[in-house]
Amino acid sequence: MGLPRLVCAFLLAACCCCPRVAGVPGEAEQPAPELVEVEVGSTALLKCGLSQSQGNLSHVDWFSVHKEKRTLIFRVRHGQGQSEPGEYEQRLSLQDRGATLALTQVTPQDERIFLCQGKRPRSQEYRIQLRVYKAPEEPNIQVNPLGIPVNSKEPEEVATCVGRNGYPIPQVIWYKNGRPLKEEKNRVHIQSSQTVESSGLYTLQSILKAQLVKEDKDAQFYCELNYRLPSGNHMKESREVTVPVFYPTEKVWLEVEPVGMLKEGDRVEIRCLADGNPPPHFSISKQNPSTREAEEETTNDNGVLVLEPARKEHSGRYECQGLDLDTMISLPSEPQELLVNYVSDVRVSPAAPEKQEGSSLTLTCEAESSQDLEFQWLREETGQVLERGPVLQLHDLKREAGGSYRCVASVPSIPGLNRTQLVKVAIFGPPWMAFKERKVWVKENMVLNLSCEASGHPRPTISWNVNGTASEQDQDPQRVLSTLNVLVTPELLETGVECTASNDLGKNTSVLFLELVNLTTLTPDSNTTTGLSTSTASKPGLAREQGYPHLVGPGLAGATMTTRKLPEPESQGVVIVAVIVCILVLAVLGAVLYFLYKKGKLPCGRSGKQEITLPPSRKSEFIVEVKSDKLPEEMGLLQGSSGDKRAPGDQGEKYIDLRH
């Protein structure tokens with residue numbers, strides 16, 4: 001046990017006595033420089049890490065080291081700084097009592113090592129590594145406009161991504177449908193290049209090449225730029241793009257719009273579709289129902305067959321042919337049946353029915369259609385629904401039953417699909433007159449326009465008992481209107497005017513009595529105008545009261561009398577003068593009554609009554625006659641304060657008699 005202890009003690013003494021070998025100057029490993037990170041355009045603060053004693057910072061030299069070459073850029077003497085001539089001469093300044101050197105407007109070329117060296121008490125130096133960063137602009141992506149065929153043997157260019165003015169060079173990553181793409185032999189290739197701008201910034205261009213398949217026709221591609229700033233790592237994404245992918249056609253089919261049941265009158269479009277890109281050249285054919293051969297239809301510039309309006313003849317079997325212009329292979333579609341629903345050939349029997357009063361009539365409606373039909377019968381004049389079904393029965397016919405009836409054939413399962421047919425029913429009978437007699441107010445020597453209307457079956461004709469210019473106009477097959485222009489003469493005033501309607505079954509007459517109208521005589525039912533005036537009246541009640549019930553018929557308009565009178569511009573002046581005179585007389589009368597009342601000669605409000613008497617010689621002097629050609633409603637201005645209305649026989653005259 002003693003021998004080992006002796007050996008250990010010997011070795012320990014030897015180690016302690018061995019002299020220490022000094023290191024060779026310049027060969028010692030220098031400490032790593034301090035890292036300072038800034039963005040382009042900002043200010044970099046370079047803090048000298050020497051001892052903070054006043055002596056060390058009073059004498060300092062600053063150097064920039066580029067490609068292992070030192071260049072003096074700044075001197076500090078006794079706390080005062082001085083820039084050396086060169087690229088940094090205008091951008092350096094001292095801060096923090098001389099401990100920090102500020103570098104403004106940093107550029108990519110400033111990325112290097114800066115060194116501060118102190119002279120006292122002994123030479124010391126401190127190294128700073130300046131890192132410069134600049135975020136690139138938003139990436140710009142451009143897709144290959146020519147597209148990519150799926151049968152290409154090598155990867156084809158899909159899109160190009162460009163990121164401008166970044167520092168240092170950003171990293172690019174390509175994505176397809178949100179998944180990153182990596183290099184893959186004969187499948188995916190990414191080719192990138194960089195350009196150094198005059199500012200020292202980099203522009204990156206990356207080209208994505210790939211082999212695509214048919215399923216990639218809707219694939220979304222975009223690129224991502226990854227870069228670093230003093231705040232950390234960042235990234236920017238481009239917009240998504242889709243590249244045209246070309247692939248051969250495998251299937252062709254037909255499409256019809258609108259979808260659902262079609263009817264006559266619709267706008268129908270038949271178009272061909274295919275699953276190839278680009279689509280093939282299309283043609284549409286229809287099978288001839290007679291020859292069973294396909295006949296090509298004419299389409300528009302877009303290859304669409306438009307049927308407007310659609311007709312039942314357009315129904316049939318259609319087929320599409322797609323010709324691939326690259327392979328010259330023609331592919332047919334599956335045949336498709338097209339049905340245009342219709343309602344046609346609506347017929348009513350009998351077509352022109354004629355019946356006697358009291359008889360019965362049965363109308364039958366028929367039609368053709370591609371679907372089940374419903375029928376309705378309507379009265380044309382009123383729109384009233386008379387029957388639901390193809391048969392309409394009318395019993396115990398009256399003259400009022402004559403007129404138009406409409407059959408409506410419709411398809412309930414297809415709204416808007418219907419057709420109609422009109423039939424006119426004639427009831428035999430002598431003419432019906434619109435009125436029996438009429439009084440017409442006229443002026444002598446005026447041109448009078450008279451009208452007379454009658455109906456019946458067979459169609460009546462109308463004649464007048466005076467000479468004039470007559471004309472007839474058919475209102476419908478059984479109704480006629482006759483108009484007569486005649487000059488009013490004294491003989492015509494005495495005889496009046498008659499119009500007579502006649503047919504094979506009889507005749508009937510209407511009488512128009514002519515009465516003169518003047519300024520002093522106005523009737524309540526008269527019209528006095530200058531120029532043209534028209535009065536229309538239908539008086540079935542009058543016909544019944546006078547014992548002519550057969551003269552009243554449904555839908556008959558009354559006779560129309562049109563009078564054309566010579567203008568009388570002086571009549572309005574006479575009316576105005578009459579009204580003024582009346583007002584003045586009333587004012588004088590009121591003044592006289594008031595004067596008598598004040599004198600006590602008028603016992604108003606006293607017991608007993610007294611008459612106002614005048615001398616016999618003057619009883620006839622205070623008769624005032626007021627005449628007016630105003631209408632009855634205008635004469636209200638001359639009524640008494642009690643509001644009593646004029647009697648029906650009053651012809652517009654007012655008399656104020658002061659004789660009693």
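Placement of Cβ uses the backbone N, Cα and C atoms for every residue, glycine included.
What TrEMBL says about a protein is an automatic prediction, not a curated fact.
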State the residue range annotated as region 'Disordered' by TrEMBL; the candidates are 73-100, 633-660.
633-660
With CB pairs under 8 Å as the measure, which of the listed stretches 19-129, 139-242, 244-321, 335-424 comes out on top against the domain 'Ig-like' (430-510)?
335-424
For the region 'Disordered' (278-299), find every same-chain residue at least 6 residues outside the stretch whose CB is under 8 Å from a CB in it, and list them.
246, 249, 252, 254, 270-272, 305-306, 316-325, 331, 335
Within the predicted model, mean pLDDT of the domain 'Ig-like' (244-321):
93
What are the helix, strand and coil residue counts for the domain 'Ig-like' (19-129) according to DSSP?
8 helix, 51 strand, 52 coil
